[in-house]
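Q: Got a structure for you, written out below as structure tokens; questions coming shortly.
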Amino acid sequence: MDIEQIFENNKKWIAKQLQTNENYFDELGKGQSPEFLYIGCSDSRVSAEELMGLQPGDVFVHRNIANMVPNTDLNSMSVINYAVMHLKVNHIVVCGHYGCGGVHAAMQQSDLGILNPWLRNIRDVYRIHRKELDALTDEEEKYKRLIELNVQEQCMNVIKTAEVQKANRERNLKVYGWIFDIHSGELIDLKIDFDATLKNIMSIYKITD
Ligand SMILES: [Zn+2]
């Protein structure tokens, strides 16, 4: 693609937005108050707003390789802090996707340099759920299940933060685990029982009164 095309696209987009609402950019410029925080994969095929049918201003977005929320990652921790404490979102979504290259790479025996410590977090998810995953003989099935379990574990990492625990108590903030099925376009709710998960892990991870 010609990079100049991007600027042409931008001009067309501005015209289109103004055609539907002449105050569009005045309103956009006033500030944001999104209701959702979306944490997803950087994969170019999984564009957050588009797959949810949402518009600019609707969702605060954080994307990285394999939709991770590592406990020591300053980036994702800052995003969660800002979204919960300042934007006051009440819904946090961790969205994985089938066909995730990051999860696939973590299932291989290869040295990927700087990616190693990042992908090690996914290997840890495998270790936690080793019994279930090793029992799956079909490689594709195992791959899909690890993608789902990774979402589940990242939801737990979100719940482990003090901000989320506090906001859950004060205003009933909830965390959801979703999968985007890249082969059908379907968004699947993993139906993680948030209350049960919270209760289960709080005896270890409770850090607020
Ligand atoms: Zn991915």
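Glycine is treated like the rest: Cβ placed from N, Cα and C.
Here's the feature list from TrEMBL:
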- C41, D43, H97, C100: Zn(2+) binding site (BINDING)
- 119-146: coiled coil (COILED)
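Each of the listed features needs to be described in terms of its position in the shown structure.
A: In the shown protein chains, 26 other C-beta atoms lie within 10 A of the C-beta of H97 (Zn(2+) binding site).
Per-residue confidence over the coiled coil (119-146) averages out at a pLDDT of 97.
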Q: Suppose the Zn(2+) site is C41, D43, H97, C100. Which further residues of the same chain have a Cβ inside 8 angstroms of that site's Cβ centroid?
A: G40, S42, R45, V46, A66, N67, G96, G99, G101, G102, V103, I147, F180, I182
Q: According to DSSP, does C100 (Zn(2+) binding site) sit in a helix, a strand, or coil?
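A: Note: C100 (Zn(2+) binding site) is coil by DSSP, not helix or strand.
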